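If you look up TrEMBL, you'll see A:43-64, A:97-114, A:178-198, A:210-230, A:250-267, A:274-294, A:314-332, A:353-375, A:395-413, A:448-465, A:477-497, A:607-627 (among others) marked as transmembrane segment. Annotation source TrEMBL lists domain 'Cytochrome c assembly protein' at A:90-296. Marked as domain 'Cytochrome c-type biogenesis protein CcmF C-terminal' by TrEMBL: A:316-626.
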Amino acid sequence: MIAELGHAALWLAAALALLQLVGGALALRGGEADGITGLARPAAVLQGGLAGFAFFALLYVFAVTDLSVKLVAANSHSLKPLIFKLSGAWGNHEGSMLLWVTVMALAGGLIAAVERRLPENTMQATLAAQGFVALGFYAFLLLSSNPFERLPEPAMEGLGLNPLLQDIGLALHPPTLYFGYVGLSVAFSFAVGAMLTRSVTPDFARAMRPWVLGAWVFLTLGITAGSYWAYYELGWGGWWFWDPVENASLMPWLAATALLHSVSVLASRDALRVWTIMLGVVAFSMSMLGTFLVRSGVLTSVHAFAVDPERGSFILALLAIYIGGALLLFALRASSISEGERFAVASREGALVFNNVMLSAILAVVLLGTLYPLLTEAFDVRVSVGPPYFNPVSAIFTIPMLLAMAVGPLLRWRGDSWARISKELALIAALVIAGLIFFALFEGGALLPLLGLAIAVMLAVASFLPLRGRNLKRLPIAVWGMVIAHFGIAVALFGMASESAFSTERLAALEVGQSATVGPWEVELASVQPVAGPNWTAIEGRMLASYRDGEAQPIAPQSRNFWAPAQQTTESVLLTRWNGQLYAVMGNEANDGRWQLRLWWKPFVTFIWYGGMLVALGGVLAIIGRVQQDLKRRSIRRMGAVRRADMGTV
Amino acid sequence: MGWRMWLPLMFFALFLGLAAYQLTQPKDEFVESRMIGQSLPYFDLPAATDGLPGVSSKDFADGKPRLLNIWASWCLPCIAEAPQLEALKEQGADIVGVAIRDDPADVAEFLARHGNPYSRIGRDDLSEVQLGIGSSGVPETFVIDGKGTITYQHIGDIRADDVPVLLEKLREAGQ
């Protein structure tokens, strides 16, 4: 019954999305919002509620393991712990599409309920666009991926969830990314609304900014968590593989980062109007493109799931309609949107434009690398593009961007002179050179990681330079957000560069009682035990790890066997110190009674994820700061209105 | 100025065309791998089950062309391809197996139930060979010539139609 209710709620929500589209479009034509034309806002709110209900219905059938629902039977199992039953609801194609639609509908409802800054006609156009996009996804769900489909006969037992996905990190990873992807759909609708009504104003940018910031924070967290998950769960000791699925989340992040900076310029300086609109379209396009690449199977990926060419065609059709439509609108309207305020090259705006161009270039590099196999396959050549392409080519643009990150915040808006900040520039140059020399002497390594380390140290220092000479207590929270986010980038970069420059690896076959060394660690295999969990059995290697003759710490990596479905996974053990991680993976028994284990010492690797979290924290602070600023601005306006009214009575 | 605004749409149209074309292409065509023409990476795998030796990259340097089959007992398509491997063996192919993340007992049971076409089976618990050779899943089959060079890659299970193709590729590799 609950499944049927959920299904019905989806149809109703789809009907409301249509009403939202029609109501918004009519309001746009007529100008006045009354009768059917006033319906877009309430329709959006109600649509959000219904989609939310449908999602809860799905959570419910998963929670009770209702095996008459096809999706539950295919993706769950009565033995699974409750948390993974729930996460199983979105750990598959249909459920994740429902999550996508739900987040999108809730976001649409929220803008309809709270957004009052935009001119009413832009607001109506935005809601119409949001309804139009949602409609396509409802059609996708209801016509080709119904999550509530019943089986003719209930199944005896579910087929289970991929054990690799039975992990708390991965249970939370997709929703986090989806909040990001779908938050960008709001930015997209805003951009389309603004193009339709030709009103690209600072007010528009201020309305769009919290959504971009929010989406960006979730994307940052999602990518950080996903990277850490891949690192400890896959047992390969790597944290980024430039896999199409990883790129699918990186590309919207790059676009959102560029958009974030350009929307700030538009909000505070009324410049970069066309750029901001373009990036608003591109950012969400990258979300959809990523979804297409992951789901259609046109590219091979180690992470690809729910691959189905038929669904791929459906998503491709949605891409064609929405992105094609938005780009067509852009081509027709962009020339009539004037560029806004002018500014000098040496100015905050100038640096932000440079940053935007570099980010777009990195995005193009990643996009090309990801799509290149698609291009060559059309000529019957199968290639895979990996780190040898992505690392150096993206570095060409990343390095100047990182330098601009250090310099940009020191510049004033509109126009500045290099001479005014010459001391800071000298400090930045000195830090890079000193860092290069220091790390090169310390331990020889490849040029890119060394340069990365030097730039990371410089950026860490430079990100605090904008605070110099300012009253820290009265500093806007948003500035703290920027400082912390930039510092977070420096921290993450330090982790990445250090990991690639100084990691050491050891593959050992040990008898019980023997030990192996890796970097500064000595690891002794004390015993090997079988252990059993709720739905798996494992071989557990009990080891004693000691750092530089220090006290021995017990660790116990496992090699797990799940039986529904049958699959083997590794539960690696990470021993974290402030200066890095020991990474241990238990292998199987060799023929001669020895046990294989794989050990890594990865100096400062944790900085990658601490950095990611700092970046997200910076984003959260920026949101708080912006919301606070808006409230203040609103109350000032209200007071101004009151004062004008008072003066009128005098 | 105006024409530049059309560029994004043009690039997007190009992508759409390409993606639409790819979606309509059958996926199981003969494919060229980037590993074709390269030497096997160095590896030395222990035996995956009793009675058959393990596999080392040195085994491939004796002048005889071989098939290198990447599989696992937990892999369903591998059951489907078992009869084809038997057929290949009967027609003279030497097949070396690499079992991915597998268990000796399961390997033995799989061989007892579905036949044993292998002359050697190595156990690759860390997907070392799989990653090194550029394979992304099980099953996959590579043709290796007598000097240890990869000359052909077959992705997915071997169907009956693929047997003559693989025999032909083996013959070519032996010349």
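Cβ atoms here come from the backbone N, Cα and C positions, even for glycine.
Automatic, uncurated: that is what TrEMBL annotation is.
Since the structure is predicted, the reported quantities are computational estimates derived from the model, not experimental observations.
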**Study point:** Tertiary contacts of the transmembrane segment (A:477-497), as residues 6+ beyond its ends and Cβ separation under 8 Å
**Key:** 240, 402, 405, 409, 448-453, 455-457, 459-460, 462-464, 466-467, 604-626, 628-629
Review point. Looking only at residues six or more beyond either end of the transmembrane segment (A:607-627), which have a C-beta under 8 A from one in the stretch?
Key: 206, 209-210, 213-214, 216-217, 220-221, 223-224, 227-228, 239, 476-496, 498-499
Revision key, fill the gap. Outside the transmembrane segment (A:395-413), at least 6 residues beyond either end, the same-chain residues with a Cβ under 8 Å of its Cβ set are 268-269, 343, 346-352, 354-355, 358-359, 361-362, 365, 421, 424-425, 428, 448, 451, 455, 458-459, 462-463, 465-466, 482-483, 486, 489, 493
Exercise for review: Kindly state the mean pLDDT of the domain 'Cytochrome c-type biogenesis protein CcmF C-terminal' (A:316-626) in the predicted structure.
Suggested key: 87
